[in-house]
Amino acid sequence: MTSTKQHKKVILVGDGAVGSSYAFALVNQGIAQELGIIEIPQLHEKAVGDALDLSHALAFTSPKKIYAAQYSDCADADLVVITAGAPQKPGETRLDLVGKNLAINKSIVTQVVESGFKGIFLVAANPVDVLTYSTWKFSGFPKERVIGSGTSLDSARFRQALAEKLDVDARSVHAYIMGEHGDSEFAVWSHANIAGVNLEEFLKDTQNVQEAELIELFEGVRDAAYTIINKKGATYYGIAVALARITKAILDDENAVLPLSVFQEGQYGVENVFIGQPAVVGAHGIIRPVNIPLNDAETQKMQASAKELQAIIDEAWKNPEFQEASKN
């Protein structure tokens, strides 16, 4: 950064359920020293109220400057996190949100870039893989500095579900969901392990779990958002903590391996889409993808998932407005 500031600054765009939960997670975990919250003009006072409310927790956590921000405040930010978008309603898929949220995304990204922002974009609005792609297109930024939350939450759900099934700590379960953050995602069963022990071997030694149970477990993970939306209207706590984890990895230059929306350049036979796979992430964004050697069935699922995303992108980019706004 060219600014003289000596601390880490995050700008959050979108103070809805996900955004405010993310802000709360940052405060609780002591992540970043400055947090600006941007909302549309008619909701600016909500951002003011949330900033004030969050500031009252600082005496219990760690110092942080929190305020309702403007787009001009993005200029010297290290990270801009986009959660703003139309929420997913009962019965809607994430891909149903494309039309509404691409227009919102274009407006946000344009204003952030116009501020002189030179940091990293982190996208969480849905459909996240498509909106990560559009953020890259509309910003003109290098692909390494545009990151989507990808399958980070899905993988956490998968690990927790396996942990409950096996009666172990989820932190000892190493397993990934890859592909679209949505209906075409898939479990990487071939590399799932418990403390380094292949899942299949672990199951042999510990208990009798049938294949049908594992299929049902994955389906529960895949459909978790629908379950939660039908019961309480929206999902926000899990994704908020996932975003906080990604934020910490970036701001602390951890070079952590996390499952994110990553630009594909031929890995798994996929190109020119952002899609969920593990990647090394640090202060400069995506350092490199971690290309897990998938088996043939998993590779086919990755390609099928990417094909679905590509079809959505191709259809959306028939809109001349999006074509004209593209810088990549």
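Each Cβ is built from the backbone N, Cα and C atoms, and glycine gets one as well.
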Check Swiss-Prot for me: it has VAL18, LYS46, TYR71, GLY85, ALA86, SER107, ALA124, ALA125, ASN126, SER149 binding NAD(+), so pick out which one of GLU34, GLU39 it puts in that same site. GLU39
Would you find the one among the binding-site residues LYS46, ARG159 whose Cβ has the most company, meaning other Cβ atoms within 10 Å? ARG159
By Cα geometry, the one of the recorded positions (ASP154, ALA156, HIS181) nearest SER107 (NAD(+) binding site) is HIS181
How far apart, in Å, are the two Cα atoms that lie farthest from each other among VAL18, GLU39, LYS46, TYR71, GLY85, ALA86, SER107, ALA124, ALA125, ASN126, SER149, the residues recorded as binding NAD(+)? 25
Taking DSSP as the reference, which of helix, strand or coil describes HIS174 (beta-D-fructose 1,6-bisphosphate binding site)? strand
SER107 (NAD(+) binding site) has its Cβ surrounded, within 10 angstroms, by a count of other Cβ atoms equal to 14
VAL128 (substrate binding site): which of the recorded positions VAL18, LYS46, ARG159, HIS181, TYR226 is the nearest Cα neighbour? HIS181
Quick note, ALA125 (NAD(+) binding site): same-chain residues at least 6 apart with CB under 8 Å of its CB -> GLY14, ILE82, THR83, ALA84, GLY85, ASN101, ILE104, ASN105, LEU131
